[in-house]
Amino acid sequence: MTIDFVTLLHQSDSLLLFVVLAFGLLLGKVRFGNFQIGNTIGVLFTALLFGQMGFEFTATTENVGFMLFIFCVGIEAGPHFFSVFLRDGIHYITLTLVILLTALFLTVGLAKFFNLGPGMAAGILAGSLTSTPALVGAQDALRSGLLNLPHQTDMQSVLDNMGIGYALTYLVGLVGLMLVVRYLPSLARLDLNTEAQKIARERGLSDNESRKTYLPIIRAYRVGPELAAWIGGRTLRETGIYPHTGCYVERIRRNGILASPDGDAVIQEGDEIALVGYPESHEKLDVNYRNGKEVFDRNLLDLQIVTEEIVVKNDAVVGRHLVELNLTEKGCFLNRVVRSQIEMPFDRNIMLQKGDVLQISGEKQRVKLLANKIGFISIHSQTTDLVAFTTFFVLGLLIGSVSLVFGQLEFGLGNAVGLLLAGILMGYLRANHPTVGYVPPGALRLAKDLGLAVFMVSTGLKAGGGILDHLSQVGAVVLFSGMLVTTLPVLVGYLFGVWVLKMNPALLLGAITGARTCAPAMDVVNEAANSSIPALGYAGTYAVANVMLTLAGSFIIGFWF
């Protein structure tokens, strides 16, 4: 039996889809030094190659792909989209607007100057900014009929131009941004590490390398005369045992009676105390503690130490500084703070926002009490709330279908913006109500990445058939335009941030990469600064940038026509 694999690919959209995905994702694993091609570039380039070989994708799967992707982008942005307007929020929003508007008008100007075909500007904008949401917004604005095409303008040719412009400039945008943020501090004669340390001193920050990646442990000691004399009748609060030892007193046994002490308790000679702390804290205990005998008492040591992820929700703590929680007095250890999927540097003055995730270790009941005070413990479940997911998805489609009429002008949001807004609402509600709209991080990442990959396959296959002709005709112009749109808005944003907003350069470069929603570039800034502090700036702009970039895709189509 003979199997014609090429014929099978031509006859089966499903087989073609997953063959391109498999080869593209494999290509995305290729590394050149510290640079990895990545899934988006790998799938897009593979799809372009298959498209050039004559393969076509006629299924409607593309629509499902881009809708899943943009909806998941909204869910990710939702918890912090509104809270970004708090501390430094106006700076981050203004910076994002400056970068985006500069890129938008520059792209339109270049497209008009070089007389590029309809749709090419949208592709150049999305590719140069490495923003798939911008491409999704542009294509959806065209497909949904929000804009009336000029006479004799073929929609498919406009869509193909978008895909080709995006494909030609995406790699330029990614590598270009990484190079700019890497060498801009040197050109500006700045030591990024010094600037990062300056912020660290001002805000009491520490880097991730100093954090504990393991649980605290429990050990028990009998209070000897030396320790009792040092305490001298002072309460636990007055003694400050945690600052002195790095451990806190979880239990006391006195005259055979077990008790959980509060800050007003006084330790006496002969007491047996259970101390909770990291192993090195026990090793470095003052000699006063070691003069007493270590105790191995099952009841005294029978404590359950847990690590939980607590989602910040309660208005009483939102907007307050982390240090105000007095975690150590509550017998809790902070392992990390995550915001917008980015692990933040330790900043005792960081202002808490709804949706922040605090990873806390400590005795189970203490951690539970803390969670009740500041929010809720993230659900330990691998089950997606599909009822909420599908309901908000439908809501997004309904929002996108609404049109407003102003005289002869009809305006609608389209599916992309509608789904993005519905996703933001679902993510925001999830940050405030633990039982609504839960999607496990792995499931959300799968839906987002798979939706993006399917969209890239469709875009690449459709654009691939004419990419060689476009390369010979306008390839150099498109690549040159992509270089300008990649670099100039970043330079304008940097100068605006330094001269007008007076931002610290380390935070500013992190914010610029967030405004471009480019995590690989943020890693470059972190490496140059030898610090994770730029992540503070990245998290400040990332959520709002995703929304603005989607809208920009729709707007640039409007500018062109």
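Cβ atoms here come from the backbone N, Cα and C positions, even for glycine.
What you see is a predicted model, and the numbers here were worked out from it, not measured in a lab.
Taking the domain 'RCK C-terminal 1' (206-291) as a whole, pLDDT averages 80 in the prediction. The domain 'RCK C-terminal 1' annotation in Swiss-Prot covers 206-291 and is backed by sequence analysis.
The domain 'RCK C-terminal 2' feature in Swiss-Prot is assigned to 293-376.
Among residues of the same chain six or more beyond the transmembrane segment (8-28), those with a C-beta under 8 A of the stretch's C-beta atoms are 36-47, 50, 55-59, 61, 453-454, 456-457, 460-461. The transmembrane segment feature in Swiss-Prot is assigned to 8-28 (among others); the stated evidence is sequence analysis.
Summarising the annotation, Swiss-Prot assigns transmembrane segment to 37-57 (among others). Sequence-distant contacts of the transmembrane segment (37-57) (same chain, six or more residues past either end, CB-CB distance under 8 Å): 9-10, 13, 16-17, 20-21, 23-31, 132, 166-167, 170-171, 174, 449, 452-453, 456-465, 467-468, 520.
What Swiss-Prot lists as transmembrane segment is 66-86 (among others).
Annotation comment: Swiss-Prot describes 90-110 (among others) as transmembrane segment, evidence class sequence analysis.
The feature transmembrane segment is assigned by Swiss-Prot to 161-181 (among others). Beyond the ends of the transmembrane segment (161-181), by six or more residues, the same chain brings 35, 38, 40-41, 44-45, 48, 116-124, 126-130, 135, 138-139, 459-460, 462-463, 466-467, 470-471, 475, 478-479, 481-483, 485-487, 490-491, 509, 512-513, 516, 518, 520-521, 524-525, 528 to within a C-beta distance below 8 angstroms of the stretch.
The list of residues near the transmembrane segment (386-406) in space but at least 6 beyond its ends in sequence, with Cβ under 8 angstroms from a Cβ of it, reads 67, 71, 74, 140, 144, 412-423, 425-426, 436-439. Summarising the annotation, Swiss-Prot assigns transmembrane segment to 386-406 (among others).
Sequence-distant contacts of the transmembrane segment (409-429) (same chain, at least 6 residues past either end, Cβ-Cβ under 8 Å): 66-67, 70-79, 81-82, 133, 136-137, 139-141, 144, 146, 354-355, 388-389, 392-393, 395-403, 436-437, 546-547, 550-551, 553-554. Residues or ranges marked as transmembrane segment in Swiss-Prot (evidence: sequence analysis): 409-429 (among others).
The transmembrane segment annotation in Swiss-Prot covers 450-470 (among others) and rests on sequence analysis.
Taken from Swiss-Prot, the feature transmembrane segment covers 476-496 (among others), and the record attributes it to sequence analysis. Tertiary neighbourhood of the transmembrane segment (476-496): same-chain residues 95, 98-100, 102-103, 106-107, 110-111, 114, 116, 120, 124-125, 127-129, 164-165, 168-169, 172-173, 176-177, 180-181, 184, 470, 508-509, 512, 515-516, selected by CB-CB distance under 8 Å and a gap of 6+ residues from either end.
The feature transmembrane segment is assigned by Swiss-Prot to 541-561 (among others).
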